[in-house]
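Enquirer: Mind having a look at this structure? Questions to follow.
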Amino acid sequence: MAFDALFQPIEIGKLTIRNRVVSTAHAEVYATDGGMTTERYVRYYEEKARGGCGLAICGGSSVVSIDSPQGWWSSVNLSTDRIIPHFQNLADAVHKHGGKIMIQITHMGRRSRWDGFDWSTLLSPSGIREPVHRSTCKTIEEEDIWRIIGDFAQAARRAKEGGLDGVELSAVHQHLIDQFWSPRVNKREDQWGGSFENRMRFGMEVLKAVRAEVGDDFVVGMRICGDEFHPDGLSHDDMKQIAAYYDATGQVDFFGVIGSGCDTHNTLANVIPNMSYPPEPFLHLAAGIKEVVGVPVIHAQNIKDPNQAQRILEGGYVDLVGMTRAHIADPHLIAKIKMGQVDQIKQCVGANYCIDRQYQGLDVLCIQNAATSREYMGLPHIIEKSEGPKRKVVVVGGGPGGMEAARVAAERGHDVTLFEAAEALGGQITIAAQAPQRDQIAGITRWYQLELARLKVDLRLGTRADEATLLDLRPDIVVLATGGQPFLSQHPEWGYSENSEESMVVSTWDILSGKVAPGKNVLIYDAICEFSGVSAADYLADKGAKVEIVTDDIKPGAAVGGTTFPTYYRSLYEKEVIMSSDLMLHKVYREGDGLVAVLENEYTGALEERVVDQVVVENGVRPDEDLYYALKAQSRNKGQLDLEALYAIQPQPSLSETGDGFLLFRLGDCTAPRNTHAAIYDALRICKDF
Amino acid sequence: MLNTILPILIFAALALAAVGAGRRVRLWRQGRPSPVPLLKGLAALPRRYLVDLHHVVARDKVMSNTHVATAGGFVAAAVLMILVHGLGLANPVLGALLLAASACMFVGSLFVARRRRDPPARLSRGPWMRLPKSLMAFSLGVFLITLPTVGILPPDAGSWILALVLAAVVVWGLAEMVVGMTWGGPMKHAFAGALHLAFHRRPERFSSKAGGEGRSTGLKALDLENEATPLGVETPSDFTWNQLLGFDACVQCGRCEAVCPAFAAGQPLNPKKLIQDMVVGLAGGSDAGYAGSPYPGKPVGEHHGNPHGPIVARQGTALVDAETLWSCTTCRACVEECPMMIEHVDAIVDMRRHLTLEHGNTPGKGAEVLDNLIATDNPGGFDPGSRLHWAADLNLPRMADLGQVDVLLWLGDGAFDMRNQRTLRALVKVLRAAEVDFAVLGDEERDSGDVARRLGDEATFQSLARRNIATLSRYRFQRIVTCDPHSFHVLGNEYSELGGHYAVQHHSTFIAELYDAGRLAFSPWKGGSVTYHDPCYLGRYNGEYEAPRRVLEALGIQVAEMERSGFRSRCCGGGGGAPIIDIPGERRIPDMRMNDVKETGAELVAVGCPQCTAMLEGVVDASAEVRDIAELVADALVARPAAAAPRRSADKTTAEEVI
């Protein structure tokens, strides 16, 4: 039986998990009302359980004490009994579908922020500053230690009373327990530091207190790191020693293992490996821990594919696989495997939109699945067929917004035609996927291609739709998702011309798509600081160009998320790309065979020049509005959306009005340049009621 | 002159027939003994002929009437002819009756002739093409020689030449109809057929006056303890004598051929040819005289055999090639259609037993499946401890914990199959909604032995069966319910010979009962058009055609029936280990079945068998979705209006999902 290794139940403590697939703890940023697991939170986890996930460990970094701030990331607050009834709702919702749910509990020690909410004084074994959050802290006192140990026990009691199936003690990501473990930050000379036993003491006292509080019939696990990857941190051998030491108590029911520490920007990127990483890059670390412990080991890091999961489990490297981002992309992953619909699984592409939002304190969302965590609003993962009239829907544009619109309309049972001027679907995703280490972003398109074929959408590729062609089809609804073009004409001094012979600048799209051959000595001016600029820099450097990337922002790639800019930087620095900031592109002119780019320092106004053979400008997208304005006046709704209905996830009123002609909706970059998620979200919420 | 010749001709014919009969009986008696009550059988013959056989023949009204006229006319004419012309009882009343009988027969033979004018492919040609003429010769000859008896013609009408011609016609008629009956002409079917009915090895398959449709579909157990019993059939003489008799009764009407899914798929099997090959074997010779459709892809005339020679050659050719035997899906369509009550499936499994048990030569994946069954008690070779993995979140009650329940839910090996697990989960949901007191054996359950038995591995079947029976004997339950018709059949019909007697129900039967008892309520059907595929092991094997339709009706579904449905349902191709052996053909059986579905325009085909589900779902680009009845029921469940607030499950960690 295919995937049989996934579907073997397993005992964790006295709890039976129905399969080997876990949604491991991550910070959701959904716990509102002071850290309570309210409806959005419950429905998010219920969807995973409904979709067949065996075990969900919720609440990454849920706090046990009031001096570990939860507000920054809207994490779950277990420092009060007020949480118990909320947990009961959560547990019932998951149990109803046969899933199990535990929660990660922690005190984050120094790894937080102090400058808000209760203005907490952060704590750490030796008061050493944490660089990622720029957080300073006090050296923890004996009284604090015992108070926090007691808080852990009380938090575990609340989880148990709330009906959850277990707790996972976070001793990873440089939280308080592993701050005590790591000699890098624990410089104490009392009974809480120094020798191995002393450094282990805090975690051990937490474990003993928790176990004493909850007894034997409640799961208590630990999440640990497999290797901190810091020369002065905990090595893999250290971690094996630590795991074996805790395992020997017989009080730990499972270990979750993660590769890499994360108290620097560069190590943080390892923790949630983006698309530039190979599959399961740190499995060997988890397998190493499994060698020395007697209880089940869970490992999650870049396990996205059921075949990959099967291979890992069959190989016996670990006992359970974490497929956390995989579940954010598709909470029905397990159900689809069981239904024999593996091809219909929306696979995580490692864009890390989810985690990069989380690090900014924003709610976790999926770049390609707009329904995730919006279940409570009524946004469906599975689109039901419409009971209303069958409509002729024409979608223009095969980028993410257009593909989603076509998919949703086809799932509703309508007759859908999609026009795409290019020879292939994908839109800007196709361009983005050309950069080194970014090819996997094309997975978004791959899924849509399969779905649109399955749904028998009439694809007119290589066909630019004009007004006459559209109206010939006698559509009931026209959805425009025509995107836009690079906005190079904003400043005439840049010397952009539509005539490529004359134009002084080219766009990052020209470079990435291969339309324009890479120069040898290239200046990239990046006014946007998202992916396109650094991708073009990486691409050009990869082709052997000497590259300088210049921005007027604080640094190149400033708007690329926290788990992704480090992998760009690794690549750019290695290829000797020069990164310059605070400079605006003032002017480009031709001199001899070359080009001169004049740069202006934003703060001094001083001008400097670069002599290059190619100037690449990234200045965002200018919406393509021609078709919209050609159709607008003829459409029944004049192209307008009812915003109240849209934001309330209600059907557009125009859908239920009768009349001749067609309805016109536009979404994505052809309205205003935003991102992939914005285009897909608009497509879903507009089209779900077609 | 005729008055002198006729008695001589008639008694000579009867004497020759008697010699032929003796010879034929000797051929049959080459077979092994079979304990059937001879006198009781003969006494039951009229009823078996007039009720059971007629029931089958009457499915074709024209042919049935033709046969009544021809055969009835012939039997009456023959008896009267012996009295009137043989013994000289020239009574005008008898003469008039004889005229009427022969006239009736003549009319019948006209219809036989009409049928032979452009015969369908399933009918054998050869000697059968002359039969209508022979029938006419006999009836016309008898009619004409009787005219003087009743005084319509003077006793010496016509010349001696005319008398001679008439005598020749009578000789032709007698030769075909009387002598040919025992010496091997087309009329052999009447002689062998009558005795086959009387001495049938499954007397229980016939109806009785007490009522109740007779049904006997379970395979007969091999006596593995008795060393004298051959392990299956190697040579024609290894069949029992009444099996040989049964083969000899074949009328080559080809109804079996017309319904055989393997034949239709172009696999090398034709049940009619197979039976004829057995006839060749019992008499010795080659198949060159066979005048019907061949095994697809196999020319006629290359096979030969004798009563004591092997049916399947270890190398080269003998009477039948092994792949012919392995093409059978054991769907019983041939047996169901056979007007002569021949048991094709028994014969095929008998021969497979020899190939598997004596040669160890089960082709395709057969040997692997049997090895798996021996090692793991399930055909897939799965860890026997994983039978309940699919239900880890369902907290299924176990027999081992309860000891006694109302319903024992038999899972079958579909428990290891991801597709069937959905059916099982749906069924559990339904049982829970109806608050049925049930439990499962869990890891104590073993494969029922169905596949092993039909692949010829009787030893593995009996080993599995005895161990299952031992397990079941430890528990008390009212009935066994299963969603697997193969388990249903084996537990209900084949375990009894080994000492296991159970009331077994297919889940559709049980669900229909629950619904009728008001224990289930359904929301109205919102889907499209639905057809229903009768699983062979539920329908033809067990006669359950109504309950699944009753359930679908209760769901608000109006079934768009396929042309081949009910007892004429076409097999999915999944039975008898056929997909495991996988003999190539020109088409795939499930593709043909899904085409049947397509012809109804249905968007969904409801099934009630894991094997059918797997086969039909395996069809590429199918026009219809395949769903088990349990799934449709689970989807439609709503709280019963009469029921109190939905009972909160005792253990709240029980999944509601079917997936």
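The backbone N, Cα and C atoms fix where each Cβ goes, and this holds for glycine too.
In TrEMBL, annotation is done automatically, which means it is predicted and not curated.
According to TrEMBL, the protein carries these features:
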TRANSMEM  B:6-22  transmembrane segment
TRANSMEM  B:68-87  transmembrane segment
TRANSMEM  B:93-113  transmembrane segment
TRANSMEM  B:134-153  transmembrane segment
TRANSMEM  B:159-179  transmembrane segment
DOMAIN    B:241-271  domain '4Fe-4S ferredoxin-type'
DOMAIN    B:316-347  domain '4Fe-4S ferredoxin-type'
Enquirer: Can the transmembrane segment (B:6-22) be said to touch the transmembrane segment (B:93-113) if we require at least 3 CB pairs below 8 Å and skip pairs under 6 apart in sequence?
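Expert: No, these stretches are not in contact.
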Enquirer: When secondary structure is assigned with DSSP, how many helix, strand and coil residues does the domain '4Fe-4S ferredoxin-type' (B:241-271) contain?
Expert: 18 helix, 0 strand, 13 coil
Enquirer: Are there residues at least six beyond either end of the domain '4Fe-4S ferredoxin-type' (B:316-347) with Cβ under 8 Å to its Cβ atoms? List them, or say none.
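Expert: Residues 48, 52-53, 56-57, 189, 193, 196-197, 200-202, 205, 217, 219-220, 233, 236, 239, 243, 246-247, 249-251, 253, 255-256, 258-262, 267-269, 271, 274-275, 277-278, 280-281, 287, 295, 298, 302-305, 309-310, 355, 361, 363-364, 366, 454, 536, 540-541, 567-571, 573-576, 578, 581, 583, 585, 589 contact the domain '4Fe-4S ferredoxin-type' (B:316-347) from elsewhere in the chain.
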Enquirer: The transmembrane segment (B:134-153): which same-chain residues, six or more beyond its ends, come within Cβ distance under 8 Å?
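Expert: Sequence-distant neighbours of the transmembrane segment (B:134-153): 2, 6, 70, 73-74, 77, 81, 84-85, 90, 92, 94-96, 98-99, 102-103, 105-106, 108-110, 112-113, 166, 169-170, 172-174, 176-177, 180, 186.
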Enquirer: In the domain '4Fe-4S ferredoxin-type' (B:316-347), how many residues does DSSP call helix, how many strand, and how many coil?
Expert: 14 helix, 0 strand, 18 coil
Enquirer: What mean pLDDT score does the domain '4Fe-4S ferredoxin-type' (B:241-271) have in the model?
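Expert: Overall, the domain '4Fe-4S ferredoxin-type' (B:241-271) comes to a mean pLDDT of 97.
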